[in-house]
Amino acid sequence: MTAKETTELVNLLDFDAEGLREWCASIGEKPFRATQLTRWIHRRQVSDFDQMTDLAKSFREKLRKLAVIEPPVPIAEKKSSDGTRKWLFDVGGGNAVEAVFIPEDDRGTLCISSQAGCAMGCLFCSTGKQGFNRNLSTSEIVGQLWWAERELCRDQGITDPNDRVISNVVLMGMGEPLQNLDNVIRALRIFLDDNGYGLSRRRVTVSTSGLVNQIDKLAEAAPVALAVSLHAATDELRDKLMPVNKKHPVSQLMAACRRYLRVAPRDFITFEYVMLGGINDSLEDADRLVELVRRERVPCKFNLIPFNPFPQSDLEKPTREKVLAFCYRLNEAGYVATVRKTRGDDIDAACGQLAGEVRDRTRRAERLAQQKKEAAVILHRHNKD
Ligand code: SF4
């Protein structure tokens, strides 16, 4: 086959169920063919049409001439001693994006990317420092899950298409998912499709820096769980950390969260909070955070992420004492707050600064108790001083 013919082939990973039905109709095939195809592609991760044994031979021949199933290909793969896996996918033009799999006792979470680079320019984010290259296509977004699920199943000897290794997907890797809304929504529909990955809305999370209009659009099109990168309780500070705040200030963001909660699969929003030493890590900052979510009436949980310095950042890591005291303050005010435990340290598993937001919830209760104990000791010591 010539290069020209190859570029004209349709990549079936770009279609959600409706798109695949329309495409099948356009080549004179019945709608049920689309369902069969979806199951082969997304439930079994099969890319060779000849292996799709319940498809008519004539249909398979047609597929071979017109289509491919082509995920992005990893250029590097690393395995951590704690079971975390990272793939670096080539998306052409010298760009690569990351996906990270984090195994836990009760779930397997895959963190995927939605853009090559990012235009949002958050001060504390290494991806933001790289600038924006381009949006990923639907096939490049879905392909990360397709590839990871296939590899993990192979490794674990899983052959039953109903047994899955990845139970949760979070869009917290490179990029701002809501700036690539059409492709992200199509990908989400494939994740939720019973003939596709069959994930429940609660098990798929989109993380945004706070694009208010797009939050509303996501609510309409595919209301999965929502995580919002907050990082500051006031416009004054958030303006400095996240340029998006100048366009969509905190009060507008909180209103969008309230609207989202009407359709969200969970009854709370997760607020991500990167803790930056000496900038947003004081107990007063914690109090302002509590005051904000109370005033704005947004039921929420907090995920605290101690900043991890990278070469071009002038920002500092918070001390462990400050992180625990901050966390304890939120807990005391009645809010669930957890401190992210870094996973896959030995393979540098964080995509940008925020990929590591996929926090380790293993033995969450014990960890929470431990955090509280440590915080109580620290507070006691402070009080004595
Ligand atoms: S934190 Fe997220 S939205 Fe901000 S620059 Fe980094 S990848 Fe983009």
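Just so it is clear, glycine is given a Cβ too, placed from its N, Cα and C backbone atoms.
TrEMBL lists Glu98 with the feature active site, proton acceptor. The feature domain 'Radical SAM core' is assigned by TrEMBL to 104-346. If you look up TrEMBL, you'll see Cys118, Cys122, Cys125 marked as [4Fe-4S] cluster binding site. TrEMBL lists Gly175, Glu176, Ser207, Ser229, Leu230, His231, Asn308 with the feature S-adenosyl-L-methionine binding site. According to TrEMBL, the feature active site, S-methylcysteine intermediate maps to Cys351.
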Less than 6 Å between Cβ and the nearest atom of ligand 1 is the rule; apply it to the recorded positions Glu98, Ser207, Leu230, His231, Asn308. none
Which recorded positions are spatial neighbours of Glu176 (S-adenosyl-L-methionine binding site) here, meaning Cα within 10 Å, out of Glu98, Cys118, Cys122, Cys125? Cys118
Do you know which of the binding-site residues Cys122, Leu230 has the most other C-beta atoms within 10 angstroms of its C-beta? Leu230
When distances run from the Cα of Cys125 ([4Fe-4S] cluster binding site) to each of the recorded positions Glu98, Ser207, Ser229, His231, Asn308, the nearest one: Asn308
10 Å Cβ neighbour count around Ser229 (S-adenosyl-L-methionine binding site)? 29
Taking Cys118 ([4Fe-4S] cluster binding site) as the reference, which of Glu98, Gly175, Ser207, His231 (the recorded positions) have a CA within 10 A of its CA? Gly175
For the binding-site residues listed (Cys118, Cys125), most other Cβ atoms within 10 Å of the Cβ sits at Cys118
